[in-house]
């Protein structure tokens, strides 16, 4: 593409620079408007500066990507309601044999769940659980938080629905879900194994098995009172029943009579301190009390039977609903594996769950309160719209094409050296400009360069772009949204922990370089 006139080139670069600054640093002091508003500002400036026309701006918005993102968000909402993520938490702590065993489980579970339900969702759900487990066993949270974030990023590279940049690649490249999955799966499996090994070596002294086992045995003693749920049953009120004071017929003994359902207690007085009453009155009172207790017990049994029947019905309804959610989700994954439209498969699954729910869908489509883990993030969808327009306008300036023309001879996909150079460029841009804009800027150019060699090389180029741009998120704390989610969730949790930038970088830099290289070798042989 030829370079645009100088004025358009400068103005387009300024608009993109404003978008980039607000996307990477959403709370800059001179314009703290956030990522979403920053992307819309960049898009508006592209149109105002006449870098792109309004019609071209609307055409730049990729509706299939937005549809796929929306559908997966709605499905995640229903999966949360069905208890899917609670089961993942239980799986992590079930018969755990030590700190190292727990770390391995976190890596495997987060990798698999992020491939199916996006890395952001996985990190939001599991962060607070990991903090609680590490606190209960006197283990440092850092290795487990790093294991969660890094494995979620690696695992999300496996499928088109694992993260936003993969959505873009899958739609633009038209690679089927099956080919995408099996093209990157070997790299992901080995990458997770290498990631576990690096974590175990890096934190070997902190993950003491003996220490963990001692703490597990005494968990019941160290769990604070507010972490334990007590079930208290309030006394029922029966207006037709008059529980009389109990009369103690035994000299010197205080009798306590408890009504089995209403929990009322009558304390008897000593007969020596009371007025004498006749034996007939005492007998009548005792007989009436027995009759009242029998009636009370009978009513209690009836009420208990009705409550048990109602609870049983509700339990069966919940089981049926959960089964429907899981079946629809499995059906969506099967449709994706069969090569059907990914966006329409996700939207169809979302609408099927909304219809089966048979309720007003508004609570599922919007955030209800601040404690909701899942909701449809309309701010993210708007961010994507603005980003599509901004990146398209920047491409029209011709500057990205000129930079790629300079790099292309050194980054050819058919040589080992070329793949290494391409990977370094993607790693650098993904941590400077974020991974989604990097994919939008480089994707078409890398694919066209590879297609000139062979169609198979074009597919491999897209897969390499997906793998490297995703694993690049592990390099620094700012490299991936999943990292920021783990950091922010950990900081705001009840048992807070601050994951520092340099603490992450010391692990992330060597881990990212090694895992990227391992994956490139396997994708090369695909």
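Heads up, the Cβ atoms here are built off N, Cα and C, so glycines get one too.
Bear in mind that TrEMBL entries carry predicted annotations, made automatically and left uncurated.
Listed in TrEMBL:
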{"type": "TRANSMEM", "residues": "6-25", "note": "transmembrane segment"}
{"type": "DOMAIN", "residues": "27-472", "note": "domain 'Citrate transporter-like'"}
{"type": "TRANSMEM", "residues": "57-81", "note": "transmembrane segment"}
{"type": "TRANSMEM", "residues": "180-203", "note": "transmembrane segment"}
{"type": "TRANSMEM", "residues": "342-358", "note": "transmembrane segment"}
{"type": "TRANSMEM", "residues": "378-399", "note": "transmembrane segment"}
{"type": "TRANSMEM", "residues": "419-442", "note": "transmembrane segment"}
{"type": "TRANSMEM", "residues": "462-485", "note": "transmembrane segment"}
{"type": "TRANSMEM", "residues": "505-523", "note": "transmembrane segment"}
Residues sitting near the transmembrane segment (462-485): Cβ under 8 Å, six or more positions beyond its termini, same chain?
-> 24, 114, 119-120, 122-124, 127, 149-150, 152-154, 156-157, 162-163, 165-166, 169, 173, 175, 180, 183-184, 187, 191, 413, 419, 422-423, 426-427, 430-431, 435, 438-439, 442-443, 446-447, 499-501, 504-505, 508-509, 511-512, 515-516, 519-520, 523, 526
Check the transmembrane segment (57-81) against each of 6-25, 180-203, 342-358, 378-399 and return whichever range has the most CB pairs under 8 Å.
-> 342-358
Distant-in-sequence neighbours of the transmembrane segment (180-203), which means Cβ under 8 A and at least six residues beyond its ends | 100, 103-104, 107-108, 111, 115, 140, 142-143, 146-147, 150-151, 154-155, 157-160, 166, 170, 337, 459-460, 463, 466-467, 471, 507, 510-511, 514-515, 518-520, 522-523, 526
The predicted model's mean pLDDT over the domain 'Citrate transporter-like' (27-472) is 75
